[in-house]
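Student: Just dropping this structure here.
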Amino acid sequence: LNLLSKLYEEDSECEEPELVQVYLRLKPCYKPSNLYEIRSDRCLITSLDTTTAGHGRRTQHNVSKMYTFTHIFGPDSRQQELFDSVVKDNLKKLPEGHNFTLLTYGASGSGKTFTLMGTVSSPGLIPRSLEYIFKVVDVA
């Protein structure tokens with residue numbers, strides 16, 4: 001992980017404006033995981049022990065990869081926090097002709113529908129967006 005940390009520091013020094021913003025939201029997990037480490041609000045490092053078998057031998061490897069995001073929302077993040085940080089500013093730009101696409105991606109059961117739709121007590125990004133748009137239109 002030290003080499004990846006050094007690469008992350010070097011990569012952070014030459015940041016360019018992002019044309020596509022990519023956010024990561026981690027779903028709460030009830031048992032501790034050593035499969036990943038959040039290094040900052042933008043960097044996540046995964047670590048996976050693998051075993052390779054071949055030619056009568058077994059070899060163990062640790063494969064680590066670094067991923068950089070616009071922002072990482074931890075398992076304790078709330079729907080309102082995501083809306084305020086990701087969606088709200090983009091909705092404000094719609095009347096100026098800016099486009100905005102929101103896409104969720106992940107494995108089955110990873111929280112995509114919850115993030116977009118939410119629940120009655122914790123509305124997701126879509127209901128919050130519609131409420132915000134209608135409030136803005138109503139004021140105008």
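In case you wondered, yes, glycine gets a Cβ from its N, Cα and C as well.
Taken from TrEMBL, the feature ATP binding site covers GLY106, ALA107, SER108, GLY109, SER110, GLY111, LYS112, THR113. According to TrEMBL, the feature domain 'Kinesin motor' maps to 19-140.
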Student: If the ATP site is taken as the center of the Cβ atoms of GLY106, ALA107, SER108, GLY109, SER110, GLY111, LYS112, THR113, which further residues of that chain fall within 8 Å of it by their Cβ?
Tutor: LYS27, THR104
Student: Among the binding-site residues SER108, SER110, THR113, which residue has the fewest other Cβ atoms within 10 Å of its own Cβ?
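Tutor: If we count Cβ atoms within 10 Å for the binding-site residues SER108, SER110, THR113, the smallest count is at SER108.
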Student: When a 10 Å sphere is centred on the Cβ of GLY106 (ATP binding site), how many other Cβ atoms does it contain?
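Tutor: The answer is 12 other Cβ atoms.
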Student: Which number gives the other C-beta atoms within 10 angstroms of the C-beta of LYS112 (ATP binding site), all protein chains shown included?
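Tutor: Excluding its own Cβ, LYS112 (ATP binding site) sees 17 Cβ atoms within 10 Å.
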Student: The domain 'Kinesin motor' (19-140): mean pLDDT?
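Tutor: Across the domain 'Kinesin motor' (19-140), the average pLDDT comes out at 90.
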